[in-house]
C-alpha cells in the first residue's frame, strides 16, 4: 500500500468526520456614513475571527478602518452538519417505518388473513366494526387450526395483546375523552 | 406479575417504602460477609446515580434530535435547500456570501416552493410575484395539513396516550396512581415523532409539556434495568420526579428552573435526596443537549439577551400593569380552554378528532401566513421580541428613524431612544393583530389529540403585549422627556427604556397567570435570558399576575385539566367546606352489606375463596372472631389468592376443607382433618386506624402525608369500617357540589 493511498484515505476520513465548512466567522457591519450595512462570512479559526481578517474587501480607507471596525461585531460559530444529516435521516426512516407499519396493519394484514383462512372461519366481533382490527381473534383460530412454530405464535400473541391495549386506549381517549377507564 | 386489567390503581407508599428499607437493610447486613456482597451493596448505592446519568443522556439526546428535526421540518413548509435537503433555512445559507444586511436570510441555495415549482419569486413583484405569493401560501397550507394529518393518525393508530400535554397525567401518576401504558415505549416513540410533526405544522403549541412526558417515559423505561427501581413503585416515582425536572431542563436549557418546576408543579412528595439527584440529571441532560448543539452556536439558552441596560423604579408601574394583564389573560384562558374542552367531551365535536385537528391547522395556517409575526414559529417570535434593537439590526421591529449623529455607539451598543419610523409602525399593528389571533387560537389548540404544550404560546402572547407596551413607553418618554415622570432619569439622547425587557416581563406574567408558577418561573426566565439584573421586575410581574389570576379561580391550567378529566388526584391544598366525621365517609354505610372480614381462625379455604370471589375489594381486615371485631391486621386480596393458589399446588394435603389460620400458634388438627394453611406471613399486623369520631380534615391529612391507600376505622377499639382513598375523593367531589350529607346517627 503506497503512502499516497494512505494519505488519500486519511484525508477522506477526516473530511467525512469534520466538514471544514462547519466553522465560520460572521461579521455584521452596520451602515457607516454612505456605506451600506454588510455581512461578511469567512472560514477562519477562532484566533483570526476579527474585523481585520474577515472584512474583505475593506470598504473604507486607512484612517477610517478603526472607526468602521469598532462598529462591526464578529462572532465565531461552529456546527456539525454530520449530526444534522444523521438526525434527519434517522427521523425520516423511523417515520417511514411507522407509516408502513400503519398501512400494513390497516390494509394488508386483513387482506392477507382473509386470503389465508377464508371468510367462514373468522368471526367478526360486533364492537369491532368500524375499527382497525376486524379479525381480532384470528390468533385463536391460528393456534387451533395449524401447528406453527412457537416463536411465531409468541410474536402473534404479543402483537394481539398490544393491539388490544391500543384499542382500549383509543376507546377511552378518543371516544370518551378520558384517560382512565 | 399478576394480571392487572384495571387501568388505574393506587400504590401504598408506606408499604413500598418499608419494602425498600427492608431490602436495603438486608444488603447492608450481608455486605459484611463477603467481598462480592460488599460490591453488591456499593453498586446498589450507585445504581440511583447511574440511572440519573442514563436518564439525562437519553433525554438530552432525544431533545436534541427533536429540536433539529423540528427546525428542519418547520422550514420545509417554506422551501427546500438545494445543497442538501437535510438543512433548514438558516443552515442552508450558513456559508453563503450572498446574504445582505437588509435580507439576512436570502441565498441562492435556499429556494422557496414558488421558485422551485414555477420559477417565479416573491421579490420581483411585477414579474409573477403575486403568483409566487399564492403558490407559497398554498404549499405552506398543504405541508401544514400533511404534517397535522400524519401526527394525528400516528397518535390514533399506535399510542392514543401520546396526545395532549402529559403534565396533568404525570402529576396524577406522581401522586401515587398507576396508569398502565402511559409511560411505555410506544408512547415514547410516538410522542417524539408526532411532537416534531405537530410543532412543524404551524399550530400554536409548544413542546415543553410533551418533553416532560418524553423524559418521564425515558425514565420509566430505564427503570426496568435496575431491580431496585423496577420492583418498587415509590422509588420509581422519585426517579420520575427527577425526570420531570430533566424535561423542563432540556426544553429551555434551564436546569435549576427545571428542578424547581418539578418541585412546585409536578411532584407530590419531594424529599431532599430527590432534589440533588434531579439537579444532577438535569445538568447531564443540559450538557448532552449542548454537545449536540442544535442551535449551532453552542448556546444552551433559548432566548439569550445581549442587553444589560438598567431599569428604573418608575418602570415598576408598567411592569405591574403587565402582571395584571398576565393574570387576567391566565384566568380568561383557563376558563375558555376548559369550556372548549368540555364542549369537546360532550358534543359531537368530540366524535371527529382527526377532522378537528385538520380544521384547526387549516384555520391557523390560513390566518397566520399573511402576518409575518405569526408565520414564524413561537420560539422565533419570542426571540425577536426579546431582542433589543441595536445598530446591527435591520428588522422591521427596529425600524426607528435614523438619528443624524454618527457618533459612536451608545452604552454597550444600545442606542438612544429614537422616534418610531415607518417600519416600526407597520410592525406595531401587525403585532397587535398577532396578539389577538394568538390569544384566540391557543384556546382551541391546547387539548387536541396531538402532543401540545402551552409554555411557548403563553409566553408569546405576553411577549407581544410587553413589547407593545414597551414601545409605547419608549415613544412616550421620547416625546415627553420634559414631564415630571421622565425628567429625572430619561434625558434625550439616553437609552432609558428597553422594550425587550418589557417583552420578557410580559412573557413571564402571562405564563405565570396560566400555570400559577412562582419561583420556578422566575428562575426559568432568568436562566432563559441570562438577565440576572431583571429579577425584581420579573418577580413583581409574576406575583401580581398570580394574585390577579387567583382572584378569579384558584386552579392553574393543569389542576383544571385534572379536575375536568376526573383524575383521582388528592389536591394538597383543598379544604372542606363542611366539617364532617370519618364515620360519615367510611364504608359500610347504612344501606351497605356488613363489612367483609376474615377471622383469624375457624374459616376454611373454601369459605375464604368464596368470600374473596363474591366481592371485589382489594383487601380484607382480619379480626379475632365474628363476635368481637377486635382487629388483628389487614390482608391484601392478591396476596391471599396467590398464597392459596401456591399452597394448593405445592403444599401437601391442602384442600377446600383445610382451616385457614392467621394466628402464630395454631391448635393441633384432629387426626382425620387435613393440615391447616398458615397465612400469618401475609397479614399486615400494623394497619393504620382512626376512630369514627376523627374529623375528616385530619383523616385526609393523614392520607396525604403518609400516602395511604386505605385506613381502618375503629370504635372503642373494635373494627367498625374501612375508608379508602377513593372514598375520600368521592367525598371531596360531593363536598364541592355542596350536597347535604346526613350524619348516619341522625337518621
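In case you wondered, yes, glycine gets a Cβ from its N, Cα and C as well.
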Give the range, chosen from B:14-38, B:89-113, B:239-263, that TrEMBL lists as transmembrane segment. B:239-263
Of the ranges B:385-405, B:406-426, B:427-447, the one TrEMBL annotates as transmembrane segment is B:427-447
Test the contact criterion for the transmembrane segment (B:211-227) and the transmembrane segment (B:49-70): 3 or more CB pairs under 8 Å, pairs 6 or more apart in sequence, then answer yes or no. yes
Is it true that the transmembrane segment (B:454-473) and the transmembrane segment (B:316-338) have 3 or more Cβ pairs under 8 Å, skipping pairs fewer than 6 apart in sequence? yes
Please figure out which one of B:179-199, B:239-263, B:427-447 racks up the most CB pairs under 8 Å against the transmembrane segment (B:49-70). B:239-263
Residue numbers, six or more beyond the limits of the transmembrane segment (B:427-447), whose CB comes under 8 Å of its CB atoms: 164-165, 203-205, 329, 333, 336-337, 340-341, 344, 360, 363-364, 367-368, 371-374, 381, 396-397, 399, 420, 454, 457-458, 460-461, 464-465, 467-468, 471, 561
For the transmembrane segment (B:179-199), distant same-chain residues with Cβ under 8 A (at least six beyond the ends): 4, 7-8, 62, 65-66, 69-70, 73-74, 147-148, 150-152, 154-155, 158-159, 161-162, 166, 169, 172-173, 205-207, 210-211, 213-214, 216-221, 240, 377, 450-452
Below 8 angstroms Cβ to Cβ, which residues of this chain, lying six or more residues outside the transmembrane segment (B:350-369), approach it? 137, 140-141, 144-145, 147-149, 151-153, 156, 201-204, 344, 375, 437, 441, 444-445, 448-450
